[in-house]
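As written in TrEMBL, here are the features:
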{"type": "ACT_SITE", "residues": "A:Lys207", "note": "active site, proton donor"}
{"type": "BINDING", "residues": "A:Ala10, A:Gly11, A:Leu12, A:Gly13, A:Thr14, A:Val15, A:Gly16, A:Thr17", "note": "NADP(+) binding site"}
{"type": "BINDING", "residues": "A:Lys107", "note": "NADPH binding site"}
{"type": "BINDING", "residues": "A:Glu192", "note": "L-homoserine binding site"}
Protein chains: 2
Amino acid sequence: MAEALKVGIAGLGTVGTSVIRILREKASDLACQCGRPIKIVAVSARDKGRNRGIDLSDVKWFDSPVDMAASNEIDVFIELIGGELNVVYEAVKKALEVGHHVVTANKALLARHGVEFAVTAEKKGIFLHFEAAIGGGIPIIKAMRESLVANRISRIYGILNGTCNYILTRMFTEGLSFKDCLADAQKLGYAEANPTFDIGGHDTAHKLALLTSLAFGTAVSLDDVYVEGISNISQIDICAADELGYRIKLLGVALETDSGIEQRVHPTMVPTSSMIAQIHGVTNALSIQSDLLGELLFSGPGAGGAATASAVIGDLADIAKARPGFQYAPVLRSPALGLSPHKKARISQHAGGYFIRLNVHDRAGVFAAVARHMADNHISLESIVQRSFIESQIIKTIILITHETTEVNVRQALAAIEKDGHLVAKSQFIRIEPMA
Amino acid sequence: MAEALKVGIAGLGTVGTSVIRILREKASDLACQCGRPIKIVAVSARDKGRNRGIDLSDVKWFDSPVDMAASNEIDVFIELIGGELNVVYEAVKKALEVGHHVVTANKALLARHGVEFAVTAEKKGIFLHFEAAIGGGIPIIKAMRESLVANRISRIYGILNGTCNYILTRMFTEGLSFKDCLADAQKLGYAEANPTFDIGGHDTAHKLALLTSLAFGTAVSLDDVYVEGISNISQIDICAADELGYRIKLLGVALETDSGIEQRVHPTMVPTSSMIAQIHGVTNALSIQSDLLGELLFSGPGAGGAATASAVIGDLADIAKARPGFQYAPVLRSPALGLSPHKKARISQHAGGYFIRLNVHDRAGVFAAVARHMADNHISLESIVQRSFIESQIIKTIILITHETTEVNVRQALAAIEKDGHLVAKSQFIRIEPMA
C-alpha cells in the first residue's frame, strides 16, 4: 500500500471533530477504498485547552492556521474555520501557494475568492475541493463538475438553507408564526443566535453564486445575486398559497435569459405537486435542468457534523486516489482562467408569474381600481381570491395570481395601487417558479 | 494542451450515435473542461452500410469489436452493444487485458462478469467505468463509489426501470389495465417488442446486483436477487393502495439484515407522501440510506440516447483528466480482490408489512376464517377493507394491511386460506417498504 496521505485540519468545531472521529473509526475501510491510509497529522484551532472529546496527543498543534498551511508536514490542508476572516483567506492562499491540496466547507470565502484560489490550484496542478460548502452531504459539486460535463445547463434551483426550510415547513404544518418558528429553531440549534445570515437569504446567496459558476462556466459573482429573506412571510401567505396549490420555499435560482444570467434568492411559490415542494425540514435539494438530461434532482441532509464530514472525506478520498501523478482538475468545472465574465440579468426584467397579496379597505371601487392598475401594466390574471383572512369588517385581503409578466410591471402596478390610498398595509408579492 | 484521448466505440445504436454527435458538437467545451480533446478514432457495429445520420468517414471501421478492443490505436474502449453475447464479453476482456480503459453501459454483462473485469482493470491501473449502466443520466455510480466513501450504507432502494414505472404511472393516473399500458408503451418505444426483460423485473435485478456490491462491498451476486415483475398488478390493487395511502412502484431494494443481504425486485407499496411515490413516468430514482447522511435521493432520466450519452461522456471525462499518471480507481467502490462474499438473506425471512388482497365467495364465515388464519400465523392487522371492487353479488374483495411480519408467515396463512376453499382467485400480496 502507498504511503499515507497527510492531512492538517484547521478548525475543530462540530465538523472538524466529526472528520477526525470518522477518519479514525473507519481508517481501514477508507485505506482500502483509497489505496492508502489517510492520516491526520496536524490541527489548528483557537483554543488548545478545550476538551473536544477526541485524542489529539499524536497530532501536531498549530496555533496559527497559516503556519499549518505552510508546513511541509502535510499534503492536504482542510479549512473548516468558516467565514471570511483575513486569517482564513491567508491560510488557504498559503496552502495553495506551497502546493498543498485544499479541502474546504467555506462557501463565504469561495464566493469571494474562489476564482483567485482556483487559478492558483490549477496552475499548481492540485485539488481545491469544496463539496461540503453546498448541500452538506449531497454530492452536488462532484456531479456538476465531473458527471455533467457534456450538459448545457439552462437552470438550477434549490433549497440550500436548512434553517429557512425548517421554519417554512413548521409554519405550514403547524400554523405557527415566523417568529415562533425562528425561536424554536434557535432552541433546537437549527438557527444561530444571530439568524440574519440564514433567514436573510445570504447563506443561500453564497452557495448559489458558486453553483452558478459551476453551471454556466462564468466567474463567481456574489454581488450580482438578488437576495430576499423569509422574514416577511406570513401565515396568510402560506394559507393562501396552499388553497391555490402552492407551497412557499426559499429557493436559490440561477438561469440563463436573453439579457444575461439571473441569480435570485427569495421566497418562491412552487406547485404543491412538485418534487421540491416535498422537501421538508432541514433537508436540502437541488434541481438541475440541462439539454441532455431534462431535470435531475438531488435531496439529502444539508448540514450537520456527520453529513458535512461525509462530504469532506469524499473530497479527501479523491485526493488520496489521484496518484502518482496529479490529475487535471478544474475547480469550477471550467478552467478558472477560461471562465467567462458574469453578465447579470436585472431582477426588474425577471419574467414569470406572481402571487400578489393586498390588504385593502373594504369599500366600493377598490377592486375595480386594483383590476385597472393591473390592466394598465399589461398584467393578466390567472386567479383572484378575495377573502377576510383577518377578522375584520373593514379590511379585505385580495390575492392575485398573475400570468407571466415582468417584475417591473408588477412593481409599477403595486406602486400605483398604493398611491390610490386603498392599501391598509404594504403589499406582498412572491415570485412563482415554473416547474418542468 | 495535452494530446487527444483516442476513443473507439463498439455499438452504434441510439446511445452510440448520440455519444458521437455530442462529442463532436461540444468538442471545444469538453476539451476545455478535460484539458485535452476527446476524439473518436474507431467504431465497430454490425452493419457498416446503415445510414446513422453521422459522418464516419474519418474514423476507422472494425467489423469485429474484439479487433477494435485489441487495437493500439485507441486509449478507451466504449462498449455500447449491450447484452451478454460472447463477443461482447470477449471484446471487453480483450480491451482490459491490453490496458485500454473501458466505459460501458452494459448492466447485464457487468452483473455476470463485473468482478472478473474489475480485478483486471485494477491490476492494470486502468478505469472500468459504467455510470450509464444504472439510472441513465443520474450520476449514481460516481456518488456511491467516490462521494460516499465514508458512509456505511444500510439500505438502497430505487425505481431503476423506466418502462415499469411508465406503465404503473399510467395505470394509476388513467385507470388503464396493465395490458393496455404495455401496448401503449410498446407503441411509444418505451417498451421492447419482447418486454419480459423489463416488466419481469430482470433489468432492475441486473442493476440492483451492481448497486448492492457498491453499497455493501460484496461480490456481485445476480443469482441471489429475488425477482417478481409487475404483470400481475391489477387496477383493484392500485385503487385499494390509493385508498389506503399507498402507491405501487417496482422497486429494487437491497438492505443489510441480521441473516445477510436482502436483494429484492418486486412491486412495492410506498406511502403516497414519500418522495419515491412522486417519481412518475420513465423517470428513475435511487434512495441511499447511510449512517452519516440519513437519506440521500437522486432522481432523473433513466434512459434515452441523450441521457445515457451524458453518463458515458462523464465517464470519458474522468479518464481524460486522469493524467499523466493513472489514479487508483476501485471499480466497485471497494477493490475487487477485497470484496466480501455475498451472504444472501432468504426472502422467506423478509420482515415487513404486507398488502394482501383476497377475492372470496361472499358467504358466512369467510371473514372469520381469514382472520383466524392470520392470527394462527402471528400476523396482526393494521387495516381491513372489505369491498366489492368487482361488480358481483357473490364475490367480495378483502384487503388487509398487516403490521410487520415475515414472508413465511404470510405465505403459510395464504396457503391455509386457499385450502379452505374460500378463494375465488389466486390471492395477491404486495410487500410494503417502510420509508425513513
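Note that Cβ sites are derived from N, Cα and C of the backbone, with glycine treated the same way.
All annotation found in TrEMBL is predicted automatically rather than curated by experts.
Mapped onto this structure are the features recorded in TrEMBL.
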{"residue": "A:Ala10", "record": "NADP(+) binding site", "Cβ contacts under 8 Å, 6 or more apart": "A:Gly16, A:Val43, A:Ser44, A:Ala45, A:Phe62, A:Pro65, A:Met68, A:Ala69, A:Phe77, A:Ile78, A:Glu79, A:Leu80, A:Ile81, A:Val88, A:Ala91"}
{"residue": "A:Gly11", "record": "NADP(+) binding site", "Cβ contacts under 8 Å, 6 or more apart": "A:Ser44, A:Ala45, A:Pro65, A:Glu79, A:Leu80, A:Ile81, A:Gly82"}
{"residue": "A:Leu12", "record": "NADP(+) binding site", "Cβ contacts under 8 Å, 6 or more apart": "A:Ile20, A:Val43, A:Ala45, A:Arg50, A:Arg52, A:Leu80"}
{"residue": "A:Gly13", "record": "NADP(+) binding site", "Cβ contacts under 8 Å, 6 or more apart": "A:Leu80, A:Gly82"}
{"residue": "A:Thr14", "record": "NADP(+) binding site", "Cβ contacts under 8 Å, 6 or more apart": "A:Gly304, A:Gly305, A:Thr308"}
{"residue": "A:Val15", "record": "NADP(+) binding site", "Cβ contacts under 8 Å, 6 or more apart": "A:Leu80, A:Ala105, A:Ala132, A:Gly305, A:Thr308, A:Ala309, A:Val312"}
{"residue": "A:Lys107", "record": "NADPH binding site", "Cβ contacts under 8 Å, 6 or more apart": "A:Phe130, A:Ala133, A:Ile134, A:Asp203, A:His206, A:Lys207, A:Leu210"}
{"residue": "A:Glu192", "record": "L-homoserine binding site", "Cβ contacts under 8 Å, 6 or more apart": "A:Thr163, A:Gln186, A:Asp198"}
Taking the Cβ of A:Gly16 (NADP(+) binding site) as centre, how many other Cβ atoms lie within 10 Å?
27
Show, in sequence order, which residues other than A:Ala10, A:Gly11, A:Leu12, A:Gly13, A:Thr14, A:Val15, A:Gly16, A:Thr17 on the same chain lie with their Cβ within 8 Å of the centre of the Cβ atoms of the NADP(+) site.
A:Ile9, A:Ser18, A:Val19, A:Ala45, A:Leu80, A:Ile81
Highest CB neighbour count within 10 A among the recorded positions A:Thr17, A:Lys207?
A:Lys207
In terms of DSSP three-state secondary structure, what is the assignment for A:Ala10 (NADP(+) binding site)?
strand
